[in-house]
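Trainee: Quick paste from TrEMBL:
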type: DOMAIN; residues: A:120-310; note: domain 'ABC transmembrane type-1'
type: TRANSMEM; residues: A:59-80; note: transmembrane segment
type: TRANSMEM; residues: A:124-147; note: transmembrane segment
type: TRANSMEM; residues: A:159-178; note: transmembrane segment
type: TRANSMEM; residues: A:234-256; note: transmembrane segment
type: TRANSMEM; residues: A:292-313; note: transmembrane segment
């Protein structure tokens, strides 16, 4: 008996005697669909998944739009007002809102609205500068401590503890008092000096978790050097929590800069800043509270939008810290 | 447990020395002549300069100065400020006020934070929950000095409910408004922490068991959910007490509370190095001890955690 009694013979397939089942022809199997998957398409990584989730969240959209507006305002303040924020006309001092001065005039005779617009630049640039420095320093220290462990971890962690034991504002006050030239750079450097341990701690924790994953072992067994493993495989996968904490920190650094300027230990008076304006408006709190409220509102909305962005990013990027 | 405490104490030693050395270097190693600052515009006579230099060990090498300072700290001899006041007197005047203020803030944030957080956690996703969550974010977003001014303007000036500034030797009532302002930030954190903890606790096995064996809902919610959810909250509050003492610089400035924050700020502005390093050293010790206590508290509150 050479012909099978059941089923159809596969075209050209050699059929052994007694065989009752055979493999279906290729065009009839779903394997074709598997083969049809486009290999060159980008893989759905953590970040693209997070983006899909973020797009649908109103809190993320609102926060992003406010931050976008803030960046535009700080880059091109002259688009929003043609008044010079440093132009003084004492005869109009403390005037209420008018056509010329939509938000009124400060005690010093400057336009409140123009100062509100120009003040954004100081806050945003100190916030971004400090965050970049903190992420670089804290990220490197945290990654090295977490990945290599041992005595390096012990030393780096203790150094971080030392800086962590001094509260941000306290340390900044003491240091800035002795600094002769105070500008955006020195204020940002000071805040970064006392701010990096938090990022280092987060990074170290994340690296410790990622380090035990299979793909790290695979990279090691394929002969990749320790440093290359850290840079190419560990750090990219440990970045999620760091991005979250960096976004929230950006808000707190902006608040810290304003606090320092308010204590007259931050930016000097020749730089227009919300913190300095709030401090100047103290004297007229009882008679003209709105002069104080406008920069306060600008500051609060800025800090809040970074916090909201961080909150949304946490839900998307950091599954452990999810608020649910 | 004994071993754990020993190891933690050993870990605290380098942090203590590092932090005090750092602050000492920031104050005394950076440029600036404290004696010149003391005399202002007047010329300094040679003999006065020599006497002051000797009194504050300014002629010794930096590290010797630091060690002499540490010796003073351990023998409770804080020396004199440049203006001639004993630093210990300044500290003894300022700390009781700040402790009072910190306790007011702590009570406010604990009571309201836990109450709101508990209700929000029970009705997760509801209107109350969403509103409270967003409002807590707003509170975190408003810098403390803005909050202080708004509170001072409305409660103190416009409505006249309390005195808008505090002044010397304050009563607890006077510290209520500054305490609320100081505790507002932590209130938002306590609220969020409690809410998440309660929401998580609701789906725990022991809660289902308690419901299944017929306990009333209020009893399950208070004894089985709330009490267990409070563990992270209590530890947060413990660490916060240390943070509140140092974080009062701005609040005390706005409300004119004669506490540690005010003392520190005035000393920094007037370049009173001896006072600054002493106060910061005490704050570092408080911070370190508070963190140690919190870790130990964890083990006491949560029997599953045992340190070896």
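Even glycines carry a Cβ here, placed using N, Cα and C.
Note that the structure is a prediction, hence the values are computed from the model and not measured.
For the listed features, I'd like the structural context: burial, neighbours, distances.
Mentor: Distant neighbours of the transmembrane segment (A:59-80): 117-118, 120-121, 123-125, 301-302, 305-306, 308-309, 311-313; these residues of the same chain sit at least 6 beyond its ends, with a Cβ under 8 Å from one of its Cβ atoms.
Long-range neighbours of the transmembrane segment (A:124-147) within the same chain, counting only residues 6 or more positions beyond its ends whose Cβ lies under 8 Å from a Cβ of the stretch, are 70-71, 74, 153, 156-157, 159-160, 184-185, 187-189, 191-192, 195-208, 211, 226, 230, 234-235, 238, 242, 246, 249-251, 253-254, 257, 267, 302, 306.
Residues 141, 145, 186-187, 190-191, 193-198, 200-201, 252, 256, 259-260, 263, 265-266 of the same chain sit 6 or more residues outside the transmembrane segment (A:159-178) yet have a Cβ under 8 Å from a Cβ within it.
Remote same-chain residues near the transmembrane segment (A:234-256) are listed as 46, 50, 123-124, 126-128, 130-131, 134-135, 139, 142-143, 146-147, 168-169, 172, 188, 191, 195, 198-199, 202-203, 205-207, 209-211, 213, 216, 299, 302-307, 309-311, 313-314, 317-318, 320-321 (criterion: CB distance under 8 Å, separation of at least six residues from the stretch ends).
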Trainee: Short question: which residues 6 or more past the ends of the transmembrane segment (A:292-313) have a Cβ under 8 Å from it?
Mentor: 50, 54, 57, 59-60, 62-64, 66-67, 70, 103, 112-113, 115-116, 119-120, 123-124, 127, 243-245, 247-248, 250-252, 254-255, 258, 274-275, 277-278, 281-282, 284-285, 323
